Every structure is written in C-alpha cells, then in structure tokens.
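Encoded as structure tokens, the structure appears first; notes follow it.
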C-alpha cells in the first residue's frame, strides 16, 4: 500500500470536507438552522465562478474569488428567504429544514432550466505544474486545494476569534437567548453567518470543480457528506468537525486503495453509524450541552 | 359636574338636638344631583356597535325523541359511523341533531370521486390521468406509512424511499432470477422491509430529531450509490426490469391501466386502514401522550414511548416493504430514480403541503404534487419549481400545511379579536359585546350595566366636603351623598373587600383585603399602621373612593 498516496489524499479530502462541514456546523449552532440548501449554494457558486471565467477573466485567483463571492451571495439569499421570515415562529427547526429543502429544489431546478443539464468545467486555477518529491508527486491542484482551503479556514477561524462580528457569532453559538438579551441582533448576525458559510461552500465548490465538474445537482453529494461529517463531529463544534473530516478522509483514502472507490460511501456510512451509536451527539458533542433546537 | 359641585349646600345634622357635645350642627356638603339626569345621560346610546360573536355554523338536522338512542355503528364494533350530538332546542323545544365531525363524509365523497375517475375521464386524457392515478395511489400509500413514522411516532426519518426502493429492487431481482410469481412479491417485500426497518431502527433509539434525519438522508444516498453501481441490479440499464407483473399481457393498454389504477387505489385504501389502526388505536394513543420534548412526562407516567415508537416504525417498515414489492409487481421492475434526492424531496413536499400528522394531509398533498409532477409534465423543470414554491409558501406561512389553515385562521382571528377587545375594555365597566355573547346568564350583563351606571352617578358625589365629613366621623349619621357612597361600598361582594385588622403587638390597625374564600387569609394591602379605628375607617374609605374613581 502506498503510504504517501493515502496520506496526501487524506489531507486533501479532509481539507475540502472540513471546509464544508464547518459551514454546516456553524450555521446549526448559531442559528439553529439546518441548512440543506447547501447543495444549491454550492452549485450556485460554481456557476457564478463559471460565468465569471467565461465573461470577465479566467485568471485563477479572480475566478476563485468570484466563486467565494457567489457562494456568500447564495448564503445571503437563503438567509433572507428561509431564516428571516420564520426564525421566531413556532416549530422553527423543522420548518427551517423544510424551507431550505424547498429552496434547494427550486434553486437546482432553476439552474437546470437556465443552464441546461450539461456540466461545465472551470479553468485550471492553480496552473499545471508538478512537484516531484522522493516517493510522491505533488500536482498543482492538490497543493493548491490544500493551501487555499487551509488559508481560508484559518482566516475564518481567526476572524471568528478576534473580531466583533466573530464574537457575536460565538456568543450566539453558546447561548442564543442570552446573546439576544445583551443586544446581539439575531437577524444581523444571521446574515454574517450565512454569508461566511456560503463563502466556505463557494470555495469548496471552486476547489472541487478542479476534479469534478459543475452541474445543477453536483452539490448534492458534497452536501450530504458535509452534513454527515458535521453530524459525526458533533453539530456546533469546529474541532469535532475537523477531527471527523480527518477520520472520514482517512477512511475514504484507505477504502479507495484497499477495496475500491465503489465502496467509499458504504464504509463511510458504516463508520458514521458506528461513531453515532457510541456517541449519539458526535465526537465532540456532549449530550446535555448540545443545542436543543 | 362642575356646576353641581360649585353650588354648595349645607347639611343640618338632625342628631344635634340630642347630643350637641359630639355632633356639629351643620356642615357644607355637595348639592343634590338628580340621578334621573345621570340615568337619562347614560341611557342615551353613544356606544359604537361592533360585529361580535364566535358562533360556528352547524346545520341542525331534525331528530325525533323516540329515536334518541338509535345509532348506526360499524358492524362488529361499538364505533359509531358519525359522531352526532343530540339536544333539545331551548327555544323551539324540538329535538335536534348536529353532526359534530363531518370528516367521514368528506372521506367517503372524496374516495368515491377517486373511484369514479377512470369512468368519467375523457378519452384523450385517459392515458395521462390514469398513469398519474397509478403513481398517486402508490405514493399516497407510501406517504401514509411515512406519516405514521413522522407524525405518529415523531421519528423524523427520511429513509422511507430507501426502504421502498430496497424492497422493490430485491423483489424484482428475486422475480427475475428465481421466477417468483407476482403475488409473492409484496409479502416478500414486507419481509425485506421488516429486516431493513429493523436495521435502521437501531440508531433511532439512540439518536433523536435531526441527528436521525441527517443519518437517514445519508442512508438513502448510500442505497442509491450501492444499487446504481452494482451490476446485478442493472447499473447499465438505469433500473431493473423484467419482474413478474399482475397485469395480463393480452389486455388492451386501457384495460391494463384501469386495472392498475384500481389496484393502486386498493393499495391506498389498505394504507389508510393501516394508518387508522395504528394512529387511532392503542399505539397512537400511547404516542399522543408523548409528543416531542415532553417525553419525560410520559415516561414518568409509565408510558414506554420508546418501545411504541420502534413498534410503529417497524410496522410502517413492513407496510413500506409491501408497497415496494407491489411497486415492482406493478411496473414490472423499478428504476434508480426511486432513491434520488428529488424523490425524497417531492415526498416530503407532499407531506408538508398537506400537513404533518393527518391522513387527509398525506392524501391531498400527494394529489397536488402528483398533479403538478405527472399531469403537467409538458412544463419541464418549471413544474418542479412550482412545487418548490408551493412548499416554500406552505412552510413560511402555514403552521401545519393546508389542513392546518382552519385552526390557524381561528387562532389568528381570536388573537385579533382579543387585541381589539383590550383596546376597549375598562376596569369595572360594562361587559363588552364579545363577552356578553358568551355570558351564561344574561342577568350578569344587566347587573354589570346597572353597576356601571351606579358608579357613574356615585363618582359625581365624591367631593372634598364629603371626604372631610367622613374624616370627622366615619360612623353615625351622614349627609345624603356620603350615605349613598357608604351604602354602595358596604354592599360590594366579599372577595377583595377592604377590612381592618387589629394588630395585637403594636396596638395599631392595618388595612387588609379579604380573600373571599374560607380558610384563605386576607392579604395585607399597605404597610401603613393606623393609631385608632377611626383613622383606619377613613383609610379604608379613601381607598374605596380611589378605586371608585379609577374604574
């Protein structure tokens, strides 16, 4: 078994999954909204980046930035449509879930209607160079993916730790009631949160499009993976999401090498079910302190 | 009012002649106010009239006293066909019957219309409508079982189509490989459903709410990937076909469609029966005492809600497996699209649009969504966008789907009504028209009205002179105005009536308010301690005057 291949793939997958899962996790713990329109935001960001590359410029960083911006825009859209009107209504958790699912349905069908079913591909953002190290070769897209997502995650986490807006979000994550009592506006914070998580989805969309293509329904599998990783790590915990991303990335890389790519999802879900049976609130989740809707 | 109080009179004390030491000879007092005048003024109506009342219209059927106890029941049970309330009309003294719950009538009418659809469809629409009807029957049955899981057992499972799809694929595989006859497929599917349901019910006991929803969503995706990629289940052809079907091949296509329509309709009826038997009987009742977030209470009363939930889950899994077997016997196979995310989404849309927790919600929601999805098929992706928009609208604006509208509207109307009422309510005033329509005893309405007029009159008697007179001598002979006030105060009912309690410790007096209930101590009204009973009497008088003026 090629150890280097497994390690590098683990890191790559963990980075992309982590980017997605942290977004889901933050949204749930601060807003109490389970954003299942993530697949739509993902595809929307991909198409935004594609339009930018087609009509404005195909320069790598600009395309990346446009994808991130489109993702943030998609996040704001979902927030305005699914969170703002019903966040103070009875039965919000379940209604929010269904509202985001409805937005997902509408959004992906609109994309299908507008752009057609043919998938699009983005230009090579990180160029086509290769770096040969003893025992392995680093391709441009792998290195670029890892570096970009790590940098973006570090930026977001740094912002959450050291800025006023980040403080508000963290306060909402700890105790939404108390946060609103001390004057943190739920609606304003929700826009920050959704923009940031949307931007993370946009980044992941552009990065993944280096390997896969952009299609209206292309966001579904990443969304389901993200949601299950966030679930496995414990909804609301950034560290948990990172640990789960690494564990599941390792699992995926190992499965690919050992049994074959077909069985990735199967082993992944068996793993998740096992983890959840042992720890019902995820790896980092504590039963009593998890957010109860 | 002002002119009345300005024109002062003196009051001559009749007791002065006997006891001139303690009594004064005359005192200034308020002039005489004719209560007739006040009465006239109050009687002249200035009141704005409001539309009030919350009567719900029920048609009254005639009933005969002799047939009071004659009731139709479902044959082996004691259950009545319709819930009918019988009563005597107070005014006409006739016997009347009211149908309290009309839902059975709507069900019968609706199901009869559905049963007649193949006979009344025009020729050129027959193909589209009957194909949609077949889909409707199957999906309605699936949704009814799903409603049992989501609504009755409140397990938010999204793996319904995974169970149906797995059962359908397995039975289709068994039929193509081992040549099983069509009538064996549904029972086989039921067994597969039981096994599969048993496996996914395991985490349901540990996880709650959304954790389970997300897990089952993933499980659905897992099934899709597994079946799409495995060669045995026809990864090349987009599905597995060639299973035995109950449709005779030598029939015309119209005849086959009609047979399929009635078969699926029967399947839906069976699912309705299952829903009725689970939700309306012991299991459903056990679970109704343990809704989400209130499980602790149910547990404390000795209800084993976990076991009940798992049982409902397993039973509906058996139902779903049966439907899966029927599915492959109906279409002669099954396509991968049954596992797709859009199928789950559309299914959820059907439940949500109708309203979660009701059989009629599942059926009507399915009807709406299937209509858009299968009948208006020429619209392309727009039809799914329309379904998504309906779903979004329902979720954003309705609390519990279409069938919750009635309840939601009533709640909203009551809220508005009480808001409007609170802007008009006054302390100690007349009964508001809304209250008056609900008052049991009409005398109360008039008592309140008379009381209000009396207060209006008495308020005009409160003047500084009268208060001074009372301060001088709370007891004994008084002028007319003061006497009227005191009589009114003394006649007030016991609850919250002011009284004086003598304090043993400090040798003082304090004002308390009586509770009006035997054994409940009076509450202390103020901290002030009066030195003498006379001062305390006057304190009580002042409080009562203040309460009168405030009302």
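Positions of Cβ are set from backbone N, Cα and C atoms, glycine also.
Distant neighbours of the transmembrane segment (A:6-26): 34-35, 38, 136, 138, 142, 145-146, 149-150, 152-153, 156, 169, 173, 193, 196-198, 200-201, 203-204, 207-208, 222-223, 225-227, 229-230, 233, 235-238, 240-242, 244-246, 248-250, 252-254, 256-257; these residues of the same chain sit at least 6 beyond its ends, with a Cβ under 8 Å from one of its Cβ atoms. Residues annotated as transmembrane segment in TrEMBL: A:6-26 (among others).
What TrEMBL records for A:33-53 (among others) is transmembrane segment. Packing against the transmembrane segment (A:33-53) from elsewhere in the chain are residues 20, 23-24, 27, 62-64, 66-71, 73-75, 78, 82-83, 87, 92-93, 96-97, 100-101, 103-104, 107-108, 111, 115, 120, 122-123, 194, 197-198, 201-202, 204-206, 209, 214-220, 222-223, 226-227: each is 6 or more residues past its ends and has a CB under 8 Å from a CB in it.
As annotated by TrEMBL, transmembrane segment applies to A:59-84 (among others). Within the chain, the transmembrane segment (A:59-84) has long-range Cβ neighbours (under 8 A, six or more residues past its boundaries) at 31, 33, 35, 37, 40-42, 44-49, 52-53, 96, 99-100, 103, 122-127, 148, 152, 187, 190-191, 193-203, 205-206.
Proximity of distant same-chain residues to the transmembrane segment (A:96-116), defined by a Cβ-Cβ separation under 8 Å and at least 6 residues beyond the stretch ends, is recorded for 32-40, 43-44, 47, 78, 81-83, 86-87, 216-217, 219. Feature annotation from TrEMBL assigns transmembrane segment to A:96-116 (among others).
Look at TrEMBL and you will find A:136-157 (among others) tagged as transmembrane segment. Under 8 Å from some Cβ of the transmembrane segment (A:136-157) lie the Cβ atoms of residues 4-5, 8, 11-12, 15-16, 18-19, 22, 64, 68, 124-130, 196, 200, 203-204, 207, 210-211, 238, all in the same chain and six or more residues away from its ends.
Within its own chain, the transmembrane segment (A:192-214) is flanked in space by residues 16, 19-20, 22-24, 26-27, 30-31, 35, 38, 41-43, 45-50, 63-64, 67-76, 78-79, 83, 119-122, 124-126, 141, 144-145, 148-149, 152-153, 156, 165, 168-169, 172, 222, which lie at least six positions past its ends and keep a Cβ under 8 Å from the stretch. Residues or ranges marked as transmembrane segment in TrEMBL: A:192-214 (among others).
The transmembrane segment feature in TrEMBL is assigned to A:226-248 (among others).
For A:260-278 (among others), the entry in TrEMBL reads transmembrane segment.
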